[in-house]
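I have placed the structure first, in the form of structure tokens, so that the comments after it can refer back to it.
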Amino acid sequence: KLIMATFNLSSFNPGFFILLGIPGLEQFHIWIGIPFFIIYLVAFAGNSILLYLIFMERSLHEPMFFFLSMLAATDLILCNTCVPKTFSIFCLGPQQITFPGCLTQMFFLHFSFAMDSAILLAMAFDRYVAICFPLRYTTILTHRIITKIVVAIVSRSFCIIFPCVFLLKRLPFCRALIVPHTYCEHIGIARLACADISINIWYGFAVPIMTIMSDLILIGISYTVILRAVFNLPSRDARHKALSTCGSHVCVILIFYTPAIFSVLAHRFGHNIPHSFHILFANLYVAVPPAINPIIYGVKTKQIRDKINLLFFPKANP
């Protein structure tokens with residue numbers, strides 16, 4: 001009877017979840033929300049400007065800037081997937097989200113992270129070709145090759161994240177559908193189920209680790225070869241130009257992978273870390289890198305810096 005009662009109370013298609021925000025920091029929600037929203041506006045404006053410049057300026061129609069536009073578009077998807085709902089929680093209190101809406105948010109959140117990692121790998125490959133084979137750059141990175149790279153990036157990201165939707169849809173939910181978070185993520189939703197979620201836990205841990213580690217190893221190999229080639233250049237100016245070209249990319253790589261690795265390991269092994277810190281860190285991770293990336297590329301990349309100056313200060317650039 002007890003088993004039957006539990007089964008009757010369970011549901012494979014719950015109506016909605018309630019997103020609580022950051023438990024333990026409710027009194028600070030509005031103060032967290034204000035800088036959080038400012039960071040979101042910076043991310044939205046910065047990535048939109050990058051996309052506009054790369055689309056409109058023919059001089060920026062190069063593989064490097066095409067991959068940069070993909071990164072900007074993915075960052076826009078990432079911050080728009082989570083931040084508006086999060087800001088409404090900070091301002092208005094706990095918010096409802098439907099089960100399909102929760103799955104959609106979860107998919108695009110993890111899909112954006114997978115896309116970002118793959119795009120950074122593609123950008124490392126682009127720099128490798130540009131510095132190690134400068135005379136063959138245009139013949140190697142043709143439109144056909146770039147199209148294949150884009151298809152591979154999107155396909156891989158989709159294939160590793162889409163199973164998470166089915167891993168959640170197969171679970172029965174019979175507990176209070178209250179999510180102690182500001183957005184829906186795979187393991188957080190799975191923990192609300194009244195069934196064995198070991199497959200979810202291992203898939204949710206192994207796939208990001210394998211993806212991140214494989215991308216990081218390939219990026220590391222690319223930059224090892226790049227640095228060897230750079231320091232073998234005869235001219236000091238040529239070395240400086242090559243290093244400055246790669247500098248912005250290395251900064252973005254560090255900003256993306258350092259907190260990503262910390263977040264994955266902390267969720268798996270950081271049982272003594274306060275839950276409120278996990279959630280606060282997770283919120284910063286979906287807002288801060290998308291805001292910083294366009295600033296780094298705007299400051300460090302001369303072509304983009306010049307176009308931004310021309311866009312906002314046309315009279316100073318006759």
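Just so you know, glycine gets a Cβ as well, placed from its N, Cα and C.
Small disclaimer: the values here were computed from a predicted structure and weren't measured.
So that you can see what the record holds, here are the features copied from TrEMBL:
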DOMAIN    46-297  domain 'G-protein coupled receptors family 1 profile'
TRANSMEM  7-25  transmembrane segment
TRANSMEM  31-53  transmembrane segment
TRANSMEM  65-87  transmembrane segment
TRANSMEM  107-125  transmembrane segment
TRANSMEM  145-168  transmembrane segment
TRANSMEM  201-230  transmembrane segment
TRANSMEM  242-265  transmembrane segment
TRANSMEM  277-299  transmembrane segment
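Between the transmembrane segment (277-299) and the listed ranges 31-53, 65-87, 107-125, 145-168, 201-230, the one holding the most Cβ pairs under 8 Å is 31-53. Here the transmembrane segment (107-125) lies next to the transmembrane segment (242-265) in space: the count of CB pairs under 8 Å, restricted to residues six or more apart, reaches at least 3. Beyond its flanks by at least six residues, the transmembrane segment (65-87) meets 19, 21, 33, 36-37, 40, 43-44, 47-48, 50-51, 54-55, 95, 97, 105, 108-109, 111-113, 115-116, 119-120, 122-123, 126, 146, 150, 153, 182-183, 252, 283, 286-287, 289-291, 293-294, 297, 303-304 of its own chain at Cβ-Cβ distances under 8 Å. Sequence-remote contacts of a segment are chain residues at least 6 beyond its ends whose Cβ falls under 8 Å from one of its Cβ atoms, and for the transmembrane segment (31-53) they are 22, 25, 60, 68-69, 72-73, 75-76, 79-80, 83-84, 86-87, 90-91, 280, 283, 287-288, 290-291, 293-295, 297-298, 304, 307-308, 311. Mean pLDDT across the domain 'G-protein coupled receptors family 1 profile' (46-297) comes to 86 in this model.
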